[in-house]
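Q: Here's the feature list from Swiss-Prot:
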- Cys46, Cys47, Cys112, Cys142: [4Fe-4S] cluster binding site (BINDING)
Amino acid sequence: MDVAKEKELREAEALMEKNVLLTSIDKVLNWGRGHSFWPVTFGLACCAIEMMAAGGPRVDISRFGYEVFRASPRHADVMIVAGTCTRKMAPLLRMIYDQMPEPKWVIAMGSCASAGGPFADSYSMLTGVDKIVPVDVYIPGCPPRPESLVYGLLQLQHKVNHPDKVRLLKHGK
């Protein structure tokens with residue numbers, strides 16, 4: 001081992017014995033952001049009912065720190081788009097996204113929000129909200145269960161805590 005590297009490690013160990021933690025500010029901020037999402041709901045169809053069920057006592061989303069659903073996009077950092085998005089609704093979706101402060105993330109909940117679902121061939125439907133806003137996490141299902149929303153939020157938490165890693169965790173690992 002290099003002498004300079006060994007000296008650096010000894011200094012770090014000495015600081016740790018004095019209860020001094022060395023890390024970058026970005027890691028601390030990302031940890032805080034990942035454990036305290038404030039989602040704004042954009043419920044458009046049946047997926048919104050499952051999103052409301054995720055806030056209920058059976059799923060208990062509050063144990064992860066996500067129970068504070070915001071009515072105003074100016075106080076939120078995660079937008080959950082749940083359900084079908086029509087072409088007439090697209091400008092409103094973009095306006096709400098633009099009102100959110102940085103950093104901000106988007107979750108597309110359900111088949112309709114992700115790829116149009118069974119209405120993909122309709123003239124009035126968008127084939128995915130990623131054509132309007134950048135989507136960070138896709139939750140499949142029609143409609144997805146509340147547990148899937150919790151899993152999607154945990155995937156987003158992992159993505160926020162580890163911005164250098166592109167790959168998300170597999171279920172159960």
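Here the Cβ of each residue, glycine as well, is placed from N, Cα and C on the backbone.
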Q: From the centroid of the CB atoms of Cys46, Cys47, Cys112, Cys142, the recorded [4Fe-4S] cluster site, which same-chain residues not already listed sit within 8 A by their CB, in sequence order?
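A: Near the [4Fe-4S] cluster site, beyond Cys46, Cys47, Cys112, Cys142, sit Ala45, Glu50, Ala82, Gly83, Thr84, Met109, Gly110, Ser111, Ala113, Gly117, Gly141, Pro143, Pro144.
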Q: Enumerate same-chain residues with a sequence separation of six or more from Cys47 ([4Fe-4S] cluster binding site) and a Cβ-Cβ distance below 8 A; give 'none' if the list is empty.
A: Ala82, Gly83, Met109, Gly110, Cys112, Ala113, Pro143, Pro144
Q: Tell me the Cβ neighbour count for Cys112 ([4Fe-4S] cluster binding site), meaning other Cβ atoms within 10 Å of its Cβ, over all protein chains shown.
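A: Taking every protein chain into account, the count is 28.
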Q: Neighbour count first, Cβ atoms within 10 Å, every protein chain included; then name which of Cys46, Cys142 tops the list of binding-site residues.
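A: In terms of Cβ crowding, the pick is Cys46.
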